[in-house]
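Reviewing the structure listed below.
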């Protein structure tokens, strides 16, 4: 049992209120002006913000098969440090969770080593990226969170349509990395100013937006919840906005780096700035910000993609796609958007908690009496530089090295257990 004393919580209107929070038996037992108990442990939250634990539906944990990049243990330590209490792990592992047996083995490893809640995706196709569909019913029974081939787009419309029909019958979501391989043209960055300057092959916007346009129509026909991963282009935002207006059940996420950076920020041919989707144009970034504010884009997800140093500390042509994000998302977003008064604090917290929970019908993301005690304590005055040497993640691949941010998680409770406190994993 813990009593969080003298903290602040956000009320429904976004105002800060001084409250104590009692955690008992993994639940939020009481929220009150003052709580006095004779047993349990007191946690001093004076001057700190107490919020629901963050939810990230887009995380690459790499295990099994990629343990040199990340493991379930190191990835969930990184999540705890970043304030995340629920993360959803992508299926681009070796082996791929395309069968009940593999899914059950991943679930067993999660139970054995994870520091926070991990909800694993199953793949849509066998081996990920084929045209043979998995056994949706068996994988749901084995505990799959949803279905995705993240890392590659499902190329054939017929394959995607059949997948959507099967997912809809089970009331489960299809989560899509949207990329038409015939429109990539071997690109490694956005097809724009930076590509031209560096003489690199570019990935055009239409590689993403064309597949989203196809898929929203398939989702409408199938009656499926269709979720767009890491949306990155103005055309994609327009397609999703139009689909929502038409009543199609589509949701979308955006990554912190696509909100903060665009192609003009890239300093040179450095593999740590290579990600998929790539950093797009200023106009694309503006459309993402507008789409998030008007509800076209539903929430924020990191696309945490750790790699070994030798896979990133090379020119872009040779580097792996992806950057890490679990340990830096909140401080970066708070610094860039809340401290600059572009967003309210409540907007940011909602986009990292209740919004993803609502989209995927998860019973988390709220701080109220009776809720699961997934809680992060935030010090909104704490200032620190982003230093990959301090990361719990095995991946150190971030373009934000050395950036000074204000507002950091200082403690994380997962189902009432203190898993992170002042720089230390418990």
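Cβ from N, Cα, C; glycine included.
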If I go by Swiss-Prot, which of 92, 269, 341 binds substrate at the same site as 60, 61, 62, 276, 307, 321, 322?
92
Quick check: of 149, 150, 171, which does Swiss-Prot put in the same Zn(2+) 1 site as 58, 60, 303?
150
With Cβ-Cβ distance below 8 Å and at least 6 positions apart along the chain, what are the contacts of residue 321 (substrate binding site)? List them in sequence order.
274, 275, 276, 305
Determine the Cβ neighbour count for residue 322 (substrate binding site): the number of other Cβ atoms within 10 Å of its Cβ.
22
Cα-Cα separation of residue 150 (Zn(2+) 1 binding site) and residue 61 (substrate binding site), in Å?
13
Please report the DSSP secondary structure of residue 321 (substrate binding site), reduced to three states.
coil
Between the binding-site residues 58, 61, 92, which lies closest to residue 303 (active site), Cα to Cα?
58
